[in-house]
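Reading through the structure tokens given below for one structure.
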Amino acid sequence: MKRLSLILVLILVAASIVTAQDIKVGGVGPVTGEAATFGVSTKNGIMLAAEEWNAKGGLFNNRKVRIIFEDDKGDPAEGATVYTKLIQQDNVVAIIGTVMSKVTLAGAPIAQAAGIPMISPTSTNERVTMVGDYIYRACFIDPFQGTVGANFAFRDLGARKAAALFDIGNDYTKGLAENFRAQFLRLGGQVVAFEGHPAGATDFKAQLTKILAGKPDVLYVSDYYNDVGLIAKQARELGFKGPMVGGDGWDSPDLVKIGGTAVENGFFTNHYAAADPRPIVQEFVKKYTAKFGAEPDALATLAYDAANIMFDAIKRAGSTKGSAIRDALKTTNLNVVSGQVTFDANRNPIKSAVIIEMKAGKQVYKTTVNP
Amino acid sequence: MKQLKLPKLLIFALIFYSAIQILYGTEILNGYILHIINQSLIYVILAVSLNLINGITGQFSLGHMGFAGVGAYVSGTISTLVFKINPSSPNGMLIFIFAIIVGGLAAAVVGFLIGFPSLRLKGDYLAIVTLGFGEIIRTVFNNIDYVGGPRGLLGIPKFSNFTTIIVAAFITLVVIRNLVESSHGRAMLAVRENELAAELVGVNTTRYKVMAFVIGAFFAGIAGGLFAHLLQMAHPTQFGFIKSVEVLIMIYAGGVGSITGSTIAAFALTFLSEGLRIGIRAIADATGLPIGGEWRMVVYSLLLIFIMLFKTEGLMGTKEAKLIRLKEVQ
């Protein structure tokens, strides 16, 4: 009996030595609540990245990474509690999270005040990284997609005359359209029409007739998939045959159900495409599918990327000090699944977007566009 | 005449306050535990004030967080958008207190407006009306650009701390406890027990129902304001129907009509929800089972079901703790 307890004590001591060397990193996502699928994808992405780093021997000095993942329920109050727990109770050196902007905005001031660097995989609200110099994100912010869409329309589709249609009641679609226009003009193109439609509209013929009178080469539609489907149908009925371009609001299987063949010759910007031939993408898709039994979505991908960006920064910092990791994050230049990533002065990523084409009712990877 | 013996509760509050401060100062308690205590105290204000409407006066409100939302947004607007204060600005604390009180008053005005339909409606119907009101309040915030619309009111200065929150919770307890034992409170209880009989013995039922809504809403508004200045943000989704139900669960688990019960339940459920986080992780680590944080809410809900099965009247029933039991005074 005595020997048994001695062995147990030794095991415990050994275990505590091993864990003392581990580097604790917090992960946050809404694994329950209204956005639970987002949270699960995010958790999977982070866990896969951590596993890979540990298989390679850890972050630095053979120190492995240990993820402490907490659920924020998609609720800001819960988010604040979780961030406080990770920082004060678990003493994590960095945080990867969280998904929804409103929750990230409740957590970010806590991380900033404690000097703990954090990276949000998917919070697109511009205010997130404005909280302070410890706060980064891995996704591009909404307006960026408009810029990429314009580059694609001008350079790849060879359009010189463009028109834009958007929802005037929605920040996201309006922001995309405005940035599209600005970039298209900057490239030397001409914007023949810039029309807003009211929120909840189902008949867009008045706006489309006006737009098509200017004979645009390309139509930029930054709406969500349900509106896009209807707009595409009505535009084709009015005789528009040219390409249509949009943002990640198009990314839904329902787009084809609503728009049918009208969305053919349509292109949209997205964070990543599973069919992207880059080896890093293919390897990630293979590993993720094998482990979790489903193809990774944009959330899993961005979480995987965010984790890799953070681990890479900790490795380069060679330290678990918050300020050292923050400084390393600033100089990130890393090839991740969603592109080659560097950060601008506002800690937003500068990276490429992929263009997806709607072909025969399916999403087909078209190309990668650099900013 | 009976009155709450103030010194006893005050001494208890002071001991509690000093103990926490000392434990935190000596780093035995970390910021995480303190954060949960702060949150629990805010829930105490919410639960006790809802208890005044639902438990004491026997009305059924499902829109309590709507009142908290009014308090959060109004106080947040005053401190963040109008005065633009931060914790280091001169008179910051005074402006913060002013903002919190105005937030409470604004919520009281809304409570007055919602109190009216309760004159004509009872039970389920009243519940639906208050639910609707709560959702209207949330939707209104969602659509006002000045306070951030769907993105929420951001950058609220962090003024709420253990001291300000415990003072507010203490005042809430004393005021509502004394109110219940006053003739007004007795009239409210009479409305709950039998509205017709109360009316027949001369209780102005209309007046007391509206009074319960106004006072309950005032304290909910105070709690909302404190919450906004703790989280440093206010977001429409924080004040929806589901959040109101969370508070409702607290008063039912604690015992409808018992202020002690609401207070204990607010603490117990907030700590339970966080404790399960750590508990489930420990079980998963020890057994190697693939159970994650998502199981926390399952266990939490099961425990609630068990409380209600085995203690139908809630933890305290309608009893009160000795500490806030009233004493005869000459």
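Using the three backbone atoms N, Cα and C, a Cβ is placed for every residue, glycine included.
TrEMBL does not curate its annotations; it predicts them automatically.
As annotated by TrEMBL, transmembrane segment applies to B:9-26, B:32-53, B:65-83, B:95-116, B:123-141, B:161-180, B:210-231, B:251-272, B:293-310.
Between the transmembrane segment (B:251-272) and the transmembrane segment (B:32-53), three or more CB pairs separated by 6 or more residues in sequence fall under 8 Å, so the two stretches touch.
Most Cβ pairs under 8 A with the transmembrane segment (B:65-83) among the ranges B:9-26, B:32-53, B:95-116, B:293-310 are made by B:95-116. Taking every listed stretch (B:9-26, B:95-116, B:123-141, B:293-310) in turn, the largest tally of C-beta pairs under 8 A with the transmembrane segment (B:32-53) is reached by B:9-26.
Highest Cβ pair count under 8 Å relative to the transmembrane segment (B:95-116), across stretches B:9-26, B:123-141, B:161-180, B:210-231: B:210-231. Residues 34, 37, 162-163, 166, 170, 173-174, 323-324 of the same chain, all 6+ positions outside the transmembrane segment (B:9-26), place their C-beta atoms under 8 angstroms from a C-beta of that stretch.
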